[in-house]
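The next block holds one structure in the form of C-alpha cells; read it before the comments.
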Amino acid sequence: MLIYIILYSMLLPGILYDAVRKSLSAKKVVLGFYVLLFTLFRGLRWNTGTDWSQYLWHFQYLNIDNVFSYSRYGGDETLEPLYALINVLVGFVGNYSLFLLVTNLFVLYTYYWFSIKYTPKPVVTFALLLLCASFFPVRMELAVTVLMWTIPSLVHRDFKSFLFVTVLAFLIHKATIIYLPFYWLLHCRLGLFSQIGLYMVCTFMINEALISKIILLLSSLIPISSVQVAAQNYLHSNFDYGLESVVSGSLSYVMAVSFLVLMHYSPIQKENILYRVSVNAYLFMSCISQVIPESLGDLGRVGGCFIWGLPIAFSFITECYLKTRFKYIAFMLLVLYCVYKFIRLCSLFPAALFPYYSIFDSPPYVR
C-alpha cells in the first residue's frame, strides 16, 4: 500500500502550486509529469486490479476473426466490438502491458487536456478526476473517458458530435447508452430546492416497488445478460443494513447536500454553461447512485458516466474561494476531501489492489 500513498501524496504539492500560482505553462509541466507517472504506475502492473484475469484472458484470445463474435462469458453475450478491436490492434504490435500503457495514456491525456482547456484550476481538476474514478480503469472507465469528449458538444450544444461520441462509448461498454438523453437533461436550470428535492426523493421517498420497476426497466434497455442476471438476483435478495451501512449512507447524503449548497451559493457566473452542466452532472450521478446500487454490476456503474461533474465544478469553486478571506479554509477542505476519496478508493476491492505487483516482480503472475 505504501506505493499508493507515495504516488497519490505527490498530487498535494501540485494542488498547492495550482492554488497559489497562475503560470499555465508551469502547470502543464506538472500535469505532464503526473500523466507520465500514473501511466507507468497503471500500465506496468501485473495481476493487480479488479477483473485482472478476465481482461488478460480477453486480450490473449481476441483476434481479427472474432472481433464481432467474441463471447465474454462463453454464452450469447459478445464483447463490445470497439473494445475488442482495440485489444486486437494493440496485440498486433505488443503484449498486454502495452495495452495497459496505451489505454491508460489515453485516459490520463484526456484528463490532462480537459483540465487545461476548460477549467481554471487544472491540477485540482486532474487530481479530483483521478480520485473520483478508480485506481486502475477497466472497460467502463475507458468508455466514461470517451464520454468526456462530449463536453465540448455540451458547451456548444452540438447534438451530432454528442451522439457520435456517445455511440463510440457504447461500442466500448453498452451501459453508456443511458447517457444519451442527458444531452437535454444536463442543460436543465434547476434551483437549489429542486436539486435537493430531487436528491431527497431518490434517497428517501422512492419505495422498493418503484425501484424494482426502475431496475427491471434499465436492465431491459441495456442489452447485457450479466446486467439482467444481476438485477434479478438483487431484486430477490434481502439485505440487512447494519450500522456501518447506515453511517456510510448518512455521510454520503450530508456530503451530497453540502456540495449542492456550496455549488449553488458559490460566486460563479450563473450563465457559465460548463459550470451549470457540471453541477447537473454531479446531481444526476448522486441521484443515480441512490436509486441503482453498486451491487448491480455493470448497471450499478452507470452513475460513473458523470464522474467529471464534481472535479470540473470544484475547479471553478476553488478558483472563486481562493480569492476570498476563506482561502485557507477552502484549501484545507479540498485537501481533506482528496484524502477522503483516496481512503474510499483503498477500501474498494482491497484484495485485488494490495499488494501492488509490477511486471518487474519475479514471478510477476503470482499473487
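Using the three backbone atoms N, Cα and C, a Cβ is placed for every residue, glycine included.
Pulled from TrEMBL, these are the features on record:
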- 29-46: transmembrane segment (TRANSMEM)
- 82-114: transmembrane segment (TRANSMEM)
- 126-151: transmembrane segment (TRANSMEM)
- 163-186: transmembrane segment (TRANSMEM)
- 198-222: transmembrane segment (TRANSMEM)
- 242-262: transmembrane segment (TRANSMEM)
- 274-293: transmembrane segment (TRANSMEM)
- 299-317: transmembrane segment (TRANSMEM)
- 329-357: transmembrane segment (TRANSMEM)
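Within its own chain, the transmembrane segment (274-293) is flanked in space by residues 118, 151, 154-155, 182, 185-190, 195, 198-199, 202-203, 206, 211, 214-215, 218, 234, 252, 256, 259-260, 263-264, 268, 299-300, 302-310, 312-313, 316, which lie at least six positions past its ends and keep a Cβ under 8 Å from the stretch. Distant neighbours of the transmembrane segment (126-151): 4, 8, 11, 14-15, 31, 34, 38, 42, 45, 48-51, 55, 80, 83, 103-104, 106-107, 110-112, 114-115, 118, 161-162, 165-166, 168-170, 172-173, 175-176, 179, 183, 274, 277, 298, 301, 304-305, 307-308, 310-311, 314-315, 338, 341-342, 345, 348, 353; these residues of the same chain sit at least 6 beyond its ends, with a Cβ under 8 Å from one of its Cβ atoms. Counting Cβ pairs closer than 8 Å to the transmembrane segment (163-186), the top stretch among 29-46, 82-114, 299-317, 329-357 is 299-317.
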